[in-house]
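Colleague: Would you mind keeping the following structure in view while I ask a few things?
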Amino acid sequence: MIVGYRSTIITLSHPKLGNGKTISSNAIFQRSCRVRCSHSTPSSMNGFEDARDRIRESFGKVELSPSSYDTAWVAMVPSKHSLNEPCFPQCLDWIIENQREDGSWGLNPSHPLLLKDSLSSTLACLLALTKWRVGDEQIKRGLGFIETQSWAIDNKDQISPLGFEIIFPSMIKSAEKLNLNLAINKRDSTIKRALQNEFTRNIEYMSEGVGELCDWKEIIKLHQRQNGSLFDSPATTAAALIYHQHDKKCYEYLNSILQQHKNWVPTMYPTKIHSLLCLVDTLQNLGVHRHFKSEIKKALDEIYRLWQQKNEQIFSNVTHCAMAFRLLRMSYYDVSSDELAEFVDEEHFFAISGKYTSHVEILELHKASQLAIDHEKDDILDKINNWTRTFMEQKLLNNGFIDRMSKKEVELALRKFYTISDLAENRRCIKSYEENNFKILKAAYRSPNIYNKDLFIFSIRNFELCQAQHQEELQQFKRWFEDYRLDQLGIAERYIHDTYLCAVIVVPEPELSDARLLYAKYVLLLTIVDDQFDSFASTDECLNIIELVERWDDYASVGYKSEKVKVFFSTLYKSIEELVTIAEIKQGRSVKNHLLNLWLELVKLMLMERVEWFSGKTIPSIEEYLYVTSITFGARLIPLTTQYFLGIKISEDILESDEIYGLCNCTGRVLRILNDLQDSKKEQKEDSVTIVTLLMKSMSEEEAIMKIKEILEMNRRELLKMVLVQKKGSQLPQICKDIFWRTSNWADFIYLQTDGYRIAEEMKNHIDEVFYKPLNH
């Protein structure tokens, strides 16, 4: 039966339902952190549409918070005409006007774990003010802040900006040259290490921390981008002008930023690609992307255009490259894993990027590596997957993540993405979403167009609306269950929840309520049929059921072998006739023969399994076994029937096409193998036929399991390829293909990477969170 959902028994009590590309660009290497705040759940539709309109507008905005650190470095650039005058005096004005009450500079509002960031930004601002002999009062207050907070310099619980251990001590040296008296203990280990450090390679991104020791001419030659910057970093580009004052393109780059922001600069620029990638990813994670389909398509079209052009905003940055690959591939764009080939070797990766690589780059590479769609050619992704997985697992073992959210993100990424329920993940992302979320490079920053009150409230309200719809549909499903007295056929009421959860994962679109309920009903009906042919009915009764289906419109003349068959067929007949009526209204044509043929094919093969295989009369080949059992598992019946309820008219020719056959075949193999891997020991004891027992006739159990996992992965990749890659001449709408992939996802979700069922309590909590528990709990 489909996805083997009955293997997990859940008892859930609820009053509503009764009982029961050169890597040296570290400029986007960043850590995402969140500031927790209380959730205020909107109780009505007030503002929902307005918030949606404002979110749509955010696609046209590129917003990043001011960086005190980078602005200070730009402020230190001398005029082209006089070394005694600032080139950008407006930045000095901004520094003077934006000192915080405690005497510091940095992200506003700040965060208790960002003291190192504040210390770095404050010292940079003090250097700028002291260099140009302005802001005496601000300097005094800034020195006071550094004196009182210098304990944080070597504190391991504090989040460090990238390159802090190089840049901060270097700025201390610069302060000494300017006779700026810092009350800092130079015996602090961070400072001591850096002052004794012989600078080596892989530190170009934080070259401002190396200063005069850098070969700036060589750095500009090797790393200057088309926009004139070094690594899209205003601070590093400014440092090039401070220590090597002869580059017109660097000046033009900084001028272009100040033309936009007047008197301050962000910590990276340009930010359009970064903002678009993060915004699309965030909308998907929050589960609200369906409200912004046209905006997301326009954004991804732009990213794909740049991908094809090998634009440096994507390919000079690990995070951008990996994220673009993942978002584009999962959105049906043709992208090749060849573009990630530079990252296949861990040693090479770290040799180029150095130790200043945060977990975000590794995390994004790992996410991208899970999207292999070709067993022969995607060894690039396999190699990336292997070393990134090992790296992150080691990080977890060593407790190498400073904040809880980073650790959680890595734990989720280490589970295959197709084993994670989107619904639960949407809830988790909403719960952890914060308006004051920040990320950190050499300075902490925020993205107001990605993290804001509008998106927060909109996501909550969207989740509430979906949750309310699910509760209403569950009521309908329960009434159907009771009206057809399915409990009399061995189906306990407790299966309502997990069956419906299956349907929600496969058909999540709110507007497809009929398809979702059809899917859930068919899973239960298939379970009943499976029970009858597996153990509840005799062979004569099974033959009786087949004849009743064959003579569907004249079933009364067939008669019943038993009362049990009568009750069963009566339920099956009424249910299917009801669904046929709805399907024919939606399609505007007769679909009854096609649906009945699917049922007839299924029950005949179920009988063959029972009479021929399970009795030991014949032993099927591996191919025959997988073909037959994929059908009896429901991999044709349920997805194909669901196609009629997806809001589009679909011809019988399409549903009988080779493309559909391939989708059914791969889906069925994935479902069957996952089930057999779980049940192998139990089935061996019962002397039943499984792919495990068949392979063990010629090899050991360990070898059989290994071989089966290879077959599983091959079919999963082939299925993903058929769903994601646009086949020339295909007439099958994308939503029809998606049903097959999501069906396999549900099986992976249940079997959890083939190492054990989700325990009942975990599934109960999952159902509770998705269907009932308010977000503020």
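Cβ atoms are placed via backbone N, Cα and C, with glycine included.
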Colleague: From the ranges 85-89, 230-234, 530-534, 540-544, grab the one Swiss-Prot calls motif 'DDXXD motif'.
Modeller: 530-534
Colleague: Can you break down the motif 'DDXXD motif' (530-534) into helix, strand and coil residue counts using DSSP?
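Modeller: The composition, in the requested order, is 5 helix, 0 strand, 0 coil.
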Colleague: When you tally the Cβ atoms that lie within 10 Å of each candidate's Cβ, which of the binding-site residues (Asp530, Asp534) has the highest tally?
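Modeller: Checking each of Asp530, Asp534, the winner is Asp530.
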Colleague: Cβ under 8 Å to the motif 'DDXXD motif' (530-534), counting only same-chain residues 6 or more beyond its ends: which ones?
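Modeller: The answer is 1, 489-490, 541-542, 545, 568, 603, 606-607, 609-610, 632.
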